[in-house]
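Asker: I am attaching a structure below and will ask some questions about it afterwards.
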């Protein structure tokens, strides 16, 4: 194969784009930014992203997809009130919105029209922040080689959030107006207003900390799920198994946290060795069991009552 010889590219993410290919002859352009959907290889040539995402990549995308759904559910529960019958319908609607947004996002991503994506493999943390690695050969002129080296893991999250926001604005106000009769007019749309705040926050979080989240999300899931489970059980004054079983809602919350525990454990282990990693899932009920066994020593109900009385 004949390849034209040009000076080597400077910078970590600068590459040469293929201009012409005829049989065994390949002609590449000057060193610069790679087109969208490509990244540089070891020889500094821009190569298309043709690999399938690894399991860990899908788990990361699943985590980023769960964030708005969990926040939707939290604010719906927070503003609906304990006696509101509209909360369940809003929960289902939020799930439908996020599910449809995920499906549409996959369908509009390359390859268009199918529920899978092509990606470039993440090699290191700097792959997420190529804008920080633009070379300056003469310390005056900067060669701009910023591109999505982790295509499409960075931009696909923004697309998903945009579809979530659009679907929420199309569906939720109509639903809330019809079924949230038990709430005051000022309270009906507060969960929607909350989403208008947290979506920009999630967008900035992905833009600035996407690479950090990619490596840290399994531990974030485990820590937050453990803390929120402990806070919920103490706030609900659950001190034994009977208190846990007396209401179906408490079981739903418990099983939801168990799913998050399992998600975090699978993300950390990456299930590289199935026979060794699957037994780790037996640890999922451990935090809840530990809480129930030790609740009698801490007496959460007494602590809550003393806090309410100002002692």
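Quick reminder: no glycine exception, Cβ is built from N, Cα and C everywhere.
So TrEMBL has the following annotated:
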TRANSMEM  58-76  transmembrane segment
TRANSMEM  88-108  transmembrane segment
TRANSMEM  151-171  transmembrane segment
TRANSMEM  192-213  transmembrane segment
TRANSMEM  219-238  transmembrane segment
TRANSMEM  250-266  transmembrane segment
TRANSMEM  278-295  transmembrane segment
Asker: Residues sitting near the transmembrane segment (58-76): Cβ under 8 Å, six or more positions beyond its termini, same chain?
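Answerer: Residues 87, 90-91, 94-95, 97-98, 102, 153, 156-157, 160-161, 164, 168, 190-191, 194-195, 198-199, 202, 206, 213-214, 217-218, 221, 263, 266-267 contact the transmembrane segment (58-76) from elsewhere in the chain.
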Asker: Same chain, outside the transmembrane segment (88-108) by at least 6, Cβ under 8 Å from its Cβ: which residues?
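Answerer: Answer is 65, 68-69, 72-73, 76-77, 80, 114-117, 156, 159-160, 163-164, 167-168, 171-172, 175-176, 179-180, 191.
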